[in-house]
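Visitor: The structure under discussion is supplied below as structure tokens; questions concerning it will follow.
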Amino acid sequence: MRTLWIMAVLLVGVEGGVIELTKMFVQEMGKNALTSYSLYGCNCGPGGRRKPMDATDSCCHVHKCCYKKLTDCDPIKDRYSYSWVNKAIVCGEDNPCLKEMCECDKAVAIRFRENLDTYDKKKKINLKLFCKKTSEQC
């Protein structure tokens, strides 16, 4: 029961189509987004944009900025479709906002893969108590 509660808390902190984003992470990197990134650094998971701790944390900052541009869909509730073709993510939505949401998630999955060498296990669970507000614009 405790494990289910912990997973529910982690799911709340991940924005976007949770199922889709998690699948993209596994396909791009072989990592689980929920267990590896949902509380990472100062920008991953719940909360506003803060000064990134490293390049991995910066990925979440950019992702939140991408979501901020969405106007006609809700990154928390809405779901989209995509396919995995020749080891590449292909967003396949007729709805322009859902397609853009898919593109945001695709971009962050690729960006995380490109920054795997900056991932610091010590920052995997950060309570964000010492994170500084950022002046970085989206």
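Just so you know, glycine gets a Cβ as well, placed from its N, Cα and C.
Positions annotated as disulfide bond by Swiss-Prot: C42-C131, C44-C60, C65-C138, C66-C104, C73-C97, C91-C102. Annotation source Swiss-Prot lists region 'Important for membrane-damaging activities in eukaryotes and bacteria' at 121-133, citing similarity to another entry. Residues or ranges marked as signal peptide by Swiss-Prot: 1-16. The site 'Important residue of the cationic membrane-docking site (MDoS)' annotation in Swiss-Prot covers K121, K124 and is backed by similarity to another entry. Under the heading site 'Hydrophobic membrane-disruption site (MDiS)', Swiss-Prot lists L127, F130.
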Visitor: Can you tell me which recorded positions out of C44, C91, K124, L127, F130, C138 are within 10 A of C66 (disulfide bond) by Cα, answering none if there aren't any?
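Guide: Candidates kept after distance check: C138.
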Visitor: Go through the recorded positions C42, C73, C104, K124, L127, F130 and tell me which ones have a CA within 10 A of the CA of C65 (disulfide bond).
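Guide: Matched recorded positions: C104, sequence order.
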Visitor: Under DSSP, is C131 (disulfide bond) part of a helix or a strand, or is it coil?
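Guide: Where C131 (disulfide bond) sits, the three-state DSSP reduction gives coil.
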Visitor: If one measures from the C-alpha of L127 (site 'Hydrophobic membrane-disruption site (MDiS)') to the C-alpha of K121 (site 'Important residue of the cationic membrane-docking site (MDoS)'), what distance in angstrom results, rounded to a whole number?
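Guide: So the Cα of K121 (site 'Important residue of the cationic membrane-docking site (MDoS)') lies 14 Å away from that of L127 (site 'Hydrophobic membrane-disruption site (MDiS)').
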Visitor: Using DSSP reduced to three states, classify K124 (site 'Important residue of the cationic membrane-docking site (MDoS)') as helix, strand or coil.
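Guide: In three-state terms, K124 (site 'Important residue of the cationic membrane-docking site (MDoS)') counts as coil.
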Visitor: Please report the distance from the Cα of K124 (site 'Important residue of the cationic membrane-docking site (MDoS)') to the Cα of C44 (disulfide bond), rounded to the nearest angstrom.
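Guide: Rounded to a whole number, the Cα-Cα distance is 10 Å.
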